[in-house]
Amino acid sequence: MFRLKRQFVVAAGVAGVAAFAPFVLGGYDLNLLARFLALSLLALGIVLTWGHGGILSLGQGVFFGLGGYALAMHMKLTPLAPGEVPDFMMLGGLEALPAWWVPFGNPGFALLAVVLVPGIVAALFAWSVFGRRVGGTYFALITQALALAFATLLVSAQETTGGFNGLTDFQVVLGLDLNGAEAGRTLYWVTLLVLALGWAGVAALLASRFGTMLRAVRDGENRVRFLGHDAAAYKIIAFAVAAMLAGAAGALFTLHAGVISPAMVGVVPSIEMVIWVAIGGRTSLAGAIAGTLAVNFARDAISSAFPDLRPYALGLLFILVVTLLPGGLAELLAARFRKVAR
Amino acid sequence: MSPLPDRLLEVDGVTVDYDGFKALDGFSLTLDAGEIRVVIGPNGAGKSTLCDTIIGRVRPSAGRVLFRGQDISKLPEHRIAGLGICRKFQAPGVLASLSVADNLGIAAAIDKRWWRSFGFGTPPAEAERIAVILERIGLAGRRDVLAGTLAHGEKQWLEIGMVVATEAELLLLDEPTAGMGPAETTRTAELIRSLAGDHSIIVIDHDMAFVEQLAARVTVMHQGQFLMQGSIAEVRADARVAEVYLGRAK
Ligand SMILES: Nc1ncnc2c1ncn2[C@@H]1O[C@H](COP(=O)(O)OP(=O)(O)OP(=O)(O)O)[C@@H](O)[C@H]1O
Ligand SMILES: [Mg+2]
């Protein structure tokens with residue numbers, strides 16, 4: 001069913017072609033594509049948890065945000081002289097850097113934190129929830145509450161998080177001048193590479209015995225448990241891996257957008273993330289990437305033409321896909337292929 | 001040499017309380033190693049609840065369940081399964097989007113710790129076991145078919161196969177012939193008889209023709225309580241059984 005070699009070939013092929021985008025696209029379009037490729041990385045995680053694990057999370061924005069803020073904090077600290085604090089803290093009247101900010105000045109720590117903080121938070125969260133046999137709709141509701149709480153916390157802790165405006169105005173990242181001529185291209189390629197690796201990695205995971213176990217848990221969690229497996233472990237791992245992908249996506253997105261703010265991590269964006277995957281096809285990695293790109297480009301076009309219509313258009317599309325085409329775009333394409341092959 | 005047969009399972013005065021309603025009421029049962037036991041009783045007698053209690057899905061409010069002398073009534077389910085008890089549910093519960101072979105593979109996995117799942121393919125020892133069971137349950141030709149697309153009877157056999165693949169010492173089969181025709185039922189009885197010796201088996205069923213083919217001792221339950229125990233002929237001849245069960249059902 002899930003042929004690994006073919007996935008690798010497709011991932012490498014798509015990445016190879018996409019690597020030429022900087023020579024074709026203008027700066028604005030390249031930046032959009034780079035942002036949406038970063039979001040696609042998060043979508044891969046939703047395929048893993050929702051598509052193959054049956055775990056619907058409406059709180060992926062939290063992990064996206066944790067990754068984004070981790071890198072943003074580092075970038076805020078890089079240009080500072082010793083003893084200085086970031087601009088927004090000064091405005092808020094803080095004289096010294098809060099202790100929990102300090103380690104993010106170290107690039108190695110910040111990069112690890114981008115994936116490990118979301119991963120660890122997700123693992124602990126999933127362990128406490130799945131360990132108690134909470135699943136399905138309740139799990140979706142709890143993750144949504146988590147997203148709400150996280151966004152609210154960020155806004156309320158203004159002096160240390162930048163509040164509603166978030167963190168912005170970055171100068172350099174790991175020695176790369178973000179205002180330089182090469183920054184756009186370089187970051188685009190980095191994003192593409194990370195996405196290709198993420199794609200290959202998740203494909204390998206899904207093709208392994210772990211993938212089979214995860215689908216087994218989705219089909220019949222009780223059954224798997226009574227066959228002697230620790231069903232919750234598979235769900236916890238899938239959820240943590242998805243969170244790490246979301247964290248990396250958040251960091252890359254922050255680089256391209258030049259800002260991370262509570263508006264990008266709350267309830268509404270978290271729901272939109274699920275919609276991209278639903279539209280692309282929730283069990284297909286290629287489908288999820290295609291869905292993310294298609295929805296976001298369409299959304300960008302609609303937003304500039306009719307700014308008020310966006311939420312309605314997205315909602316309508318979601319309803320249509322879920323009712324008429326539960327397998328998403330991927331299913332539509334697969335059906336076409338089968339017809340052609342016959 | 002022990003003079004007594006090995007006592008494998010002992011259900012000792014177990015009561016299961018669903019908000020005041022006693023689905024099991026001081027029920028006891030013992031099973032020896034290698035034995036096949038049939039449990040019958042009218043609808044709602046508590047047969048499925050008995051299975052639920054043994055595998056830890058339901059916790060008794062009184063009484064104990066001993067497996068090889070160890071009290072298992074407080075262990076988590078996967079630990080109970082790990083000791084060698086496996087159950088086939090009443091409603092067919094094959095893993096629909098997995099192939100027949102993968103269904104058996106999940107049951108046959110020798111090392112079930114989660115970190116062992118980071119690898120590809122089926123270990124040879126398990127593959128061999130899967131092939132043997134595929135033959136035994138008559139699904140060798142359908143190994144790569146998705147389990148969800150099997151016919152009803154085939155699903156039941158696959159489920160029995162999964163239970164067998166765990167190599168559990170004690171198998172609990174809840175209505176293995178539900179929805180089967182007479183020919184399929186006969187094949188199922190042969191299959192179950194062929195498993196005795198390697199496994200101890202508790203079979204729950206309503207179908208008296210099937211129970212007769214198993215030629216095993218029968219325990220009769222009624223309203224969560226033990227009613228009687230004996231050969232199929234003794235059970236048929238018993239007036240109380242006729243009253244609560246045979247007389248009413250047939
Ligand atoms: N979760 C539950 N909550 C409340 N009552 C329950 C629950 N599960 C079972 N019961 C009740 O307990 C009694 C025993 O149920 P059980 O399923 O064990 O019967 P059974 O002997 O398997 O019947 P059948 O032949 O219909 O399968 C029934 O009256 C049933 O309604
Ligand atoms: Mg029952």
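Glycine is no exception: its Cβ is also placed from the backbone N, Cα and C atoms.
TrEMBL entries are annotated by machine, without manual review.
Per TrEMBL, the feature transmembrane segment maps to A:7-26 (among others). With a threshold of 8 Å between CB atoms, the same-chain residues lying at least 6 positions outside the transmembrane segment (A:7-26) that come near it are 33, 37, 184-185, 188-189, 192-193, 195-196, 199-200, 203, 207, 285-286.
Same-chain residues lying 6+ beyond the ends of the transmembrane segment (A:32-50) with a Cβ under 8 Å from its Cβ atoms: 18, 21, 25, 56-57, 60, 64, 184, 187-188, 191-192, 194-195, 198-199, 202, 205-206, 214, 235, 238-239, 241-246, 248-250, 252-253, 256-257, 273-274, 276-277, 280, 282-285, 287-289, 291-293, 296-297, 300. According to TrEMBL, the transmembrane segment annotation covers A:32-50 (among others).
The transmembrane segment annotation in TrEMBL covers A:62-81 (among others).
Long-range contacts of the transmembrane segment (A:109-130) within the same chain, counting only residues at least 6 positions beyond its ends with a Cβ under 8 Å from a Cβ of the stretch, are 62-64, 66-67, 70-71, 73-74, 103, 139, 142, 146, 232, 235-237, 239-244, 246-248, 250-251. If you look up TrEMBL, you'll see A:109-130 (among others) marked as transmembrane segment.
Among the features that TrEMBL reports, transmembrane segment is placed at A:137-157 (among others).
According to TrEMBL, the transmembrane segment annotation covers A:187-211 (among others). If one looks beyond the transmembrane segment (A:187-211) by at least 6 residues along the same chain, the residues whose Cβ comes under 8 Å of a Cβ in the stretch are 2-4, 7-8, 11-12, 14-15, 18-19, 21-22, 30, 33-34, 37-38, 40-41, 44-45, 47-48, 52, 176, 234, 237, 241, 245, 248, 252, 255-256, 285, 289.
When Cβ-Cβ distances below 8 Å are used as the criterion, the transmembrane segment (A:232-253) is approached by residues 34-35, 37-42, 44-46, 48-49, 52-53, 55, 57, 60, 63-71, 114-123, 125-127, 130-131, 187, 190-191, 194, 198, 202, 205, 210, 213-214, 217, 260, 264-265 of the same chain, each at least six residues removed from its ends. Annotation comment: TrEMBL describes A:232-253 (among others) as transmembrane segment.
Tertiary proximity for the transmembrane segment (A:259-278) is limited to same-chain residues at least six positions away from its ends with a CB under 8 Å from its CB atoms, namely 39, 42-43, 46-47, 50-51, 56-62, 64-65, 68-69, 72, 143-144, 147-148, 150-152, 154-155, 162-168, 250, 253, 288, 291-292, 295-296, 311, 314, 317-318, 321-322, 328. The annotation transmembrane segment is assigned in TrEMBL to A:259-278 (among others).
Annotation comment: TrEMBL describes A:285-306 (among others) as transmembrane segment. With a cut-off of 8 Å between Cβ atoms, the residues of this chain six or more beyond the transmembrane segment (A:285-306) that come close are 7, 10, 14, 32-33, 35-37, 39-40, 42-44, 46-47, 51, 195, 199, 202-203, 206, 272, 275-279, 313-314, 317, 328-331, 333.
If you look up TrEMBL, you'll see A:312-334 (among others) marked as transmembrane segment.
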